[in-house]
Amino acid sequence: MAFPKMRLMYVCLLVLGALCLYFSMYSLNLFKEQSFVYKKDGNFLKLPDTDCRQTPPFLVLLVTSSHKQLAERMAIRQTWGKERTVKGKQLKTFFLLGTTSSAAETKEVDQESQRHGDIIQKDFLDGYYNLTLKTMMGIEWVHRFCPQAAFVMKTDSDMFINVDYLTELLLKKNRTTRFFTGFLKLNEFPIRQPFSKWFVSKSEYPWDRYPPFCSGTGYVFSGDVASQVYNVSESVPYIKLEDVFVGLCLERLNIRLEELHSQPTFFPGGLRFSVCRFRRIVACHFIKPRTLLDYWQALEN
């Protein structure tokens, strides 16, 4: 009696294993063939008042922002985002915005854009899960309107960026093509807990590990990478985590991530302030507008 039961159990396990393999392969194929990819529409609601052909910038800083973050944008305009020349190289900063359902906020941003001429906007609703759309909008703008930029940095509104030190390191690096750096994430796994801010379902991304990518709080790349990422973006399955999506594009392009310096320079988790320390970092997260102004004044003095 024991032998037939064992044989039946063995057959059941084989069938179960075959079914698991089938559904696993099916989900992978579905992921590869799914139609939900980034679509290029080319329609901008707002474009900045700048001509990169006339004055090619060394570094373009693209800052993701929202309508409610006026204080953050104003603080950045007064500090690291102010148009300037560092070591003879021109730097320019632009803010990436979607749309809002608030008529009052829309009007305020219209006026802000006319006043400062530094806002890039398309017709998608602002929100955390549209950051991929927002980032790709900035990359598309560089591809179409500012391919002359030597380097591009994508960062967020709650960041301190040491543009002087970043420029110094980029000049020392002397890399002008296929260069990508930031806070490297080389062994990250999808979060499957539904209540997490970074939750990604199996249907969105069936694999158990992400490709190498850089923290979305701040990464830097050579100008040619913008066009390469933009051109390949429609062939890469869309994922709402913008830094992972860019990592998927880089994997498709076979562009490897590099360290900017032998010492840590990107701090997505924040860092205690000191003048000496902040003179030798590139990026620090969780900086409020008033704090940014205070830090900048301390560094200038």
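For all residues, glycine too, the Cβ spot is worked out from N, Cα and C.
Lifted from Swiss-Prot, the feature list:
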| type | residues | note |
| --- | --- | --- |
| TOPO_DOM | 1-7 | topological domain 'Cytoplasmic' |
| TRANSMEM | 8-28 | transmembrane segment |
| TOPO_DOM | 29-301 | topological domain 'Lumenal' |
| CARBOHYD | ASN130 | N-linked glycosylation site |
| CARBOHYD | ASN174 | N-linked glycosylation site |
| CARBOHYD | ASN231 | N-linked glycosylation site |
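Mapped onto this structure are the features recorded in Swiss-Prot.
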{"residue": "ASN130", "record": "N-linked glycosylation site", "Cβ contacts under 8 Å, 6 or more apart": "GLY98, PHE124, LYS240"}
{"residue": "ASN174", "record": "N-linked glycosylation site", "Cβ contacts under 8 Å, 6 or more apart": "none"}
{"residue": "ASN231", "record": "N-linked glycosylation site", "Cβ contacts under 8 Å, 6 or more apart": "HIS143"}
